[in-house]
Amino acid sequence: MSKRPSYAPPPTPAPATQMPSTPGFVGYNPYSHLAYNNYRLGGNPGTNSRVTASSGITIPKPPKPPDKPLMPYMRYSRKVWDQVKASNPDLKLWEIGKIIGGMWRDLTDEEKQEYLNEYEAEKIEYNESMKAYHNSPAYLAYINAKSRAEAALEEESRQRQSRMEKGEPYMSIQPAEDPDDYDDGFSMKHTATARFQRNHRLISEILSESVVPDVRSVVTTARMQVLKRQVQSLMVHQRKLEAELLQIEERHQEKKRKFLESTDSFNNELKRLCGLKVEVDMEKIAAEIAQAEEQARKRQEEREKEAAEQAERSQSSIVPEEEQAANKGEEKKDDENIPMETEETHLEETTESQQNGEEGTSTPEDKESGQEGVDSMAEEGTSDSNTGSESNSATVEEPPTDPIPEDEKKE
């Protein structure tokens with residue numbers, strides 16, 4: 001059996017007019033693979049632009065350049081990687097890288113400077129090595145070979161373009177050289193049958209489910225152990241999540257129960273208060289308001305009557321008091337007019353006798369004291385008369401009377 005072909009997409013089939021009339025060709029089989037139908041673009045060999053090796057032109061590979069210097073962080077990571085990996089064997093690669101990144105950030109500037117100095121020194125060496133590399137004979141030979149190959153490819157592309165402009169066929173199909181096909185005297189019918197069976201056999205192999213296993217799907221023992229640890233950690237995490245879900249569900253049920261209890265208690269209290277509510281009769285309230293207004297009006301009328309009666313009683317009591325005061329004033333006036341004459345005559349006699357008796361013995365101080373006593377008595381008499389006149393001024397005005405000293409009254 002021939003080698004299994006690559007999975008290259010098939011090109012668009014050529015029209016039937018361009019199919020060659022070679023012996024052994026039985027129509028166009030759309031299921032045939034391209035690797036078993038030798039086709040060339042442009043009609044002659046050396047013009048296959050899909051693979052440069054088919055035309056005999058190969059672009060050489062450049063020589064290996066010097067390695068670039070490692071960055072300071074990569075130097076530090078390479079230095080402490082084994083230590084961190086040994087202290088944390090269960091962690092993943094990205095977790096170890098995260099730890100090393102934190103350690104690098106925690107370093108001081110002096111500690112980082114060591115790695116920076118190494119990087120700068122290697123960088124200088126790298127620049128010198130690159131200069132020597134670019135001037136090396138191998139690199140110069142690579143440049144020359146590359147330029148020649150590119151020129152040949154450009155020439156080939158120009159030739160292909162010219163052939164396409166002249167109308168030459170874009171694609172021609174030639175029979176493939178298959179070791180299964182051998183000419184042992186069979187007719188064209190047998191050859192076509194063999195080709196048909198071969199093509200179907202190849203198609204069945206291509207479309208079958210049995211493929212070469214991928215290298216990445218091969219699991220090693222170390223990988224299995226890592227996967228087992230990951231499975232265990234995932235199971236532990238799953239159990240934690242389930243426990244948290246149970247706790248959340250319990251708290252939710254507890255809150256729900258409290259809400260239901262509070263709702264029931266509120267409904268019961270509402271029913272009790274609704275049963276205790278008082279029905280308001282607006283007609284009864286209006287009747288009570290009217291009755292209260294009537295009582296208030298009656299009390300107001302009674303107070304007004306009492307005030308009017310008190311005013312009448314006060315007026316009736318004022319009239320006899322005025323009459324009594326007027327009578328008393330007239331009697332006093334009569335009594336004062338009668339003794340006025342006798343008192344005047346007696347006063348003159350007493351004053352003369354006193355003057356005669358006191359001319360030899362009296363002192364100026366005694367005279368002054370006597371005169372002050374007379375004046376004070378006169379003032380008292382006037383004040384008494386004024387009080388009497390003020391008490392009776394509402395009804396009768398009494399005529400002014402002469403003041404009488406108190407000594408004369410005593411005599």
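Backbone N, Cα and C atoms are what each Cβ position is placed from, and that goes for glycine too.
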Where Swiss-Prot places SUMO1 cross-link when the choices are LYS92, LYS123, LYS228, LYS240: LYS92
Which candidate, of SER6, SER87, SER265, SER314, Swiss-Prot gives the annotation phosphoserine: SER265
Which candidate, of ARG40, ARG105, ARG195, ARG272, Swiss-Prot gives the annotation omega-N-methylarginine: ARG40
Annotated SUMO2 cross-link residue, as Swiss-Prot has it, among LYS85, LYS166, LYS189: LYS166
Candidates LYS146, LYS166, LYS277: member of the recorded sites with the richest Cβ shell (10 Å): LYS146
PLDDT averaged over every residue in the coiled coil (220-319): 91
Rounded distance in angstrom between the Cα atoms of LYS131 (SUMO2 cross-link) and SER265 (phosphoserine): 92
Cα-to-Cα gap, LYS166 (SUMO2 cross-link) vs SER265 (phosphoserine), nearest whole Å: 100
Helix, strand or coil at LYS277 (SUMO2 cross-link) [DSSP, three-state]: coil
Alpha-carbon spacing, SER265 (phosphoserine) to LYS277 (SUMO2 cross-link), which is rounded to whole Å: 18
Three-state secondary structure, LYS92 (SUMO2 cross-link) (per DSSP): coil
